[in-house]
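Let me begin by presenting the structure, written as structure tokens, before commenting on it.
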Amino acid sequence: MGTGASKEGEEGGANKPDGQDDTPDGQGHASAHHDGGQLYVSLKMDKNHTLTADLVPHVFGSVPLIGSWDPSKALSMERESVSMWELSFVVPPNHETLDFKFLLKPKYSNAPCFVEEGPSRQLIGGALKEDAKLALFRLENDEVLEYKVFVKADRVSPFDLAASWRAYQENFRPSSVRWMPDVSINSAPQPGGENCSSAGLDLDLEHYVVPAPSTSANSAFVYAANMTETPRSLTSGSYSFKDGGASADRPTTIKEMEVIVPDSSKAFPTSGMVESKSVGSYSPLQRQESQRGLFVDRGVGSPRLIKSSSSNIFTHDLNLDNDTKNSMPAAAGAVAAAAVADQMLGPKEDRHLAIILVGLPARGKTFTAAKLTRYLRWLGHNTKHFNVGKYRRLKHGANQSADFFAADNPEGVEARNEVAALAFEDMVSWMHEGGQVGIFDATNSNKRRRNMLMKLAEGRCKIIFLETICNDVNIIERNIRLKIQQSPDYAEEPDFQAGLQDFKNRLANYEKVYEPVEEGSYIKMIDMVSGHGGQIQVNNISGYLPGRIVFFLVNTHLTPRPILLTRHGESQDNVRGRIGGDAALSEAGELYKKKLANFVGKRLKSERAASIWTSTLQRTILTASPIVGFPKIQWRALDEINAGVCDGMTYEEIKKNMPEEYESRKKDKLRYRYPRGESYLDVIQRLEPVIIELERQRAPVVVISHQAVLRALYAYFADRPLQEIPHIEVPLHTIIEIQMGVTGVQEKRYKLMD
């Protein structure tokens, strides 16, 4: 295989045992060519001796392998392990016969090479003309070296070749895994030396458990409302706490605040649509005019503004300093452009978006709000979750009976409207300090309350109502029980049944006055948590960010399942300290892939619908290879961060040869982009489809990927700030199990090897 054939030489077909074929004479292989497949050949040599010289096995022979019996043109074999050498290639369709020999070449000198003794080997139609034999080499001192020879041949379609083209690296390095299709299912263990007896590996899963970092996702489930924004209006220094609640003294700001609940007949026309700037009643021409003069930077960093008369009305209060807390969302590429556009363009109030939750208690509002907050933050949109229940507990105490929530209790209604207005004012204040999306979490179960919020938002932020509706009595009952167990409202109620009855009475009070959303811009999630379908209804929704929110919500559900994140086994480049590349596994990596296969087999033994996701780089594919019984899916989006011109270098080499790049990366690893490569923000952008698909999956998923990629994925589930992503600990040979369910996200770590 010379230079012209080298691009094909990286690929291969299915991995069959030696000699496995329907026709012993090989004629069946020749006829198989007419079915459209190309012949993939893998040659392996295993030395069973101690090498006395630094000799590298090579292959040479006739067309199409080399086209010349000149030893100087022989192809070098690749070291696969300590004793095994390998070379793989694809035979062009117009050739079915190969004549070849092995030879040994000194690695560091021009000394004579040693050609295999005996006649040349012939491969006809994928089968050796005679049984495989030892390769014998006679050295100058008459010492004879013996190598075992293994030949594998099978058909691979042109489509599979094209689909996995990314194979060859420098020096036409062959790959032993590129024959794998993008999706494959191993029904049985691979034969041969790849197998590892489970008897030699510890299968006690708990034996491997290690503590997660203290700053990681919570090791125990936490009530989601407790993780929301801390009330500012009620913690400004004028509140004292006693017996778990607030004192009777009200802050001055509250005494002077008047909450006006507008008349719904005046607030809404007969058509049911809101005629206010806050919900966007601008025509396309008006919006286009208001955007004139703006230029959005589509790369990483702050947007640039071109001064024009039409832009003066909203450019004076935009802070474009990256070093301030009001800087633009830290997103990349198209995500950055859309984030900037959503925050800057159009009427002033459209730069801020309020997602107002609507729904009866125990319908998953807080869970949905927390999930949406995490997703938008991860994409780079400055988002906060404001829970009105948290304000209520701070202002009026947690031990309120069901009567407090009755519609015929005017004091209760006034108190609840008051804390809702306080939470909304906090949210709007935060928006005008640089926030973009506020998630307002409360029941907001009737038009009167929603009218009040729309009046408070007018001219200040855009509102979208997000209503969660559930008709599954089993899910509602489950959510109610979780509420009694986790909510601070029942923390001091020792009798579970008494708490359960009180909450059901509270729920009945809300049901009496509940009015579904029919006004303004809204998204309705109907039975989306049941796991049996459901639907989403949208009204008056437009724009990039609202569209992304709808797309995300369509793909979310509450089905509990684990997601296992792990890096590939240690690679040869890891040992050498080189970044990027497409190296095979080291000896430690080979051991890890066997331990991982046994771990996954035991952890997911009852999960037949689970799947294994890898990148398209061979170190992840090799790590997944011993795992059997599950679909394996290769994602290019899971490939390691592209190091560009620094690919294959060590950090010391970068520091020495490219000091400016080294210092730039050191200053800001999140936004630093390798020359002709990627930044962490670029990685986040390309991982969004992976996140959506992980949210959509109802069965366990094992993700075998790379450090930068797993840092970004882990940050999503753990809700870690973007700035922390490049510094998250994701060690080799460790599995991070993310348990997703109705109560949130829980983490457990297993370290299989030191």
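Numbering starts at 1 and runs along the chain as it is shown here.
Cβ from N, Cα, C; glycine included.
The structure displayed is predicted, hence computed values, not measured ones.
Record features, source TrEMBL:
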- 1-34: region 'Disordered' (REGION)
- 33-139: domain 'CBM20' (DOMAIN)
- Arg567, His568, Gly569, Glu570, Ser571, Gln572, Asp573, Asn574, Arg619: substrate binding site (BINDING)
Max pairwise CA distance, angstrom, over record-listed substrate binders Arg567, His568, Gly569, Glu570, Ser571, Gln572, Asp573, Asn574, Arg619: 14
Under 8 Å by Cβ from Gly569 (substrate binding site), same chain, sequence gap 6 or more: Leu585, Ser586, Ala588, Gly589, Glu590, Leu591, Tyr592, Lys593, Leu596, Arg619, Leu622, Thr623, Leu732, His733
Packing count at Arg619 (substrate binding site) (other Cβ atoms within 10 Å of its Cβ): 28
Extra residues within 8 Å (Cβ to Cβ centroid of Arg567, His568, Gly569, Glu570, Ser571, Gln572, Asp573, Asn574, Arg619), substrate: Ala583, Leu585, Ser586, Gly589, Thr623, Leu732
CB within-chain contacts under 8 A for Ser571 (substrate binding site), separation at least 6: Gly581, Ala583, Ala584, Leu585, Ser586, Gly589, Arg619
Protein Cβ atoms within 10 Å of Arg567 (substrate binding site), excluding its own: 27
Rounded mean pLDDT for the residues that make up the domain 'CBM20' (33-139): 77
Nonlocal residues around Asp573 (substrate binding site), in sequence order (Cβ under 8 Å, 6 or more apart): Ile579, Gly580, Gly581, Ala583, Gly648
